[in-house]
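Here the structure is laid out as structure tokens; the discussion comes afterwards.
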Ligand SMILES: Nc1ncnc2c1ncn2[C@@H]1O[C@H](COP(=O)(O)OP(=O)(O)OP(=O)(O)O)[C@@H](O)[C@H]1O
């Protein structure tokens, strides 16, 4: 189904393979840094079992208000809208939630909250690679995920597992952040590398994803977090604050996947509005990464990162729809009768689904198909089943 607000916000999951690496601190600081840069930012504290964002942003636990249309009004702190399990339950209650309830709460946090017009929605995930991460990654059009790690070997191995999980569910990895990377002496400014150095960079290189930056180990980060004032506000000149700002800028700027078309977008074909900007550079991108889109009377033109160009007629795309209304879910046999699809059928709208698929609405009103880049790319050279 076509999303309620398909053009936004950009949803970014902040993840880590294990607890205590500073994921929530990173989330709180980059959210405030983005808000300071003029973006409209929301944070979902999806760390249901250990919500810590309200404390870090100085939000007192109290029941949130409801808007006239029965949506939850998020808290506002340091220019950032926040919703957290800590605001809905007593401290210990989250620990007893089971998987299906967690999924329900997460859906509520994303769909039933009065977010207004957001540019970015950051999701502070619980640590690990379990149920919640999968629920989120599969159920929501995440623009991508960021992995936070400390420089130790064991932490990096776990981060690698997190990266692989996100890849399996087609969530693009926006990059790796190395936290607690070297200690800056407050007296003399000398940086001491208490743990190994540069592990985050190495893992980013190994997995072919961006390295977003290093945040030094800084006692101010802890004090500010405990006081409810993130370090980007309380000590804006500190090296840690500078690092958070640089990471926030890189994430805000990275509104397009490496080598891919700009997302999110909603392109209204008849009005010609909202057409996605083509990719900036495609050298690093996999071949089936979509680098530009065009549409004319003969149909949709897909430009792929490997330089190939593919043309698909609007009606052929409608017939290729694999949604549950058009294909039998068990046998994959086509249910849709081609005779009922008008010959002059047109695509009316195309929108991005995460960074891995397109949604399309047609002039017959159908809009429930999801066309993954992989599936579209695989249609090259195939005889279409048109009649
Ligand atoms: N760069 C840093 N320098 C010093 N201390 C830090 C830094 N980043 C985080 N910390 C501290 O490390 C502790 C753990 O941080 P945080 O709660 O953000 O981790 P987390 O990965 O979100 O943990 P969990 O997933 O278990 O909630 C906190 O006390 C925090 O203040």
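Note that Cβ sites are derived from N, Cα and C of the backbone, with glycine treated the same way.
What you are looking at is a predicted structure, and each value in this text was computed from that prediction instead of being measured.
According to DSSP, residue 24 (ATP binding site) sits within a helical segment. The feature ATP binding site is assigned by TrEMBL to 17, 18, 19, 20, 21, 22, 23, 24.
Taken from TrEMBL, the feature domain 'Gamma-butyrobetaine hydroxylase-like N-terminal' applies to 293-377.
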Neighbourhood of ligand 1 - binding-site residues from 17, 18, 19, 20, 22, 23 with Cβ under 6 Å: 19, 20, 22, 23
Neighbour count (Cβ, 10 Å) for residue 17 (ATP binding site): 23
Counts of helix, strand and coil residues, the domain 'Gamma-butyrobetaine hydroxylase-like N-terminal' (293-377), according to DSSP: 14 helix, 32 strand, 39 coil
Non-site residues, in chain order, whose CB comes within 8 A of the mean position of the CB atoms of 17, 18, 19, 20, 21, 22, 23, 24 at ATP: 16, 127, 148, 150
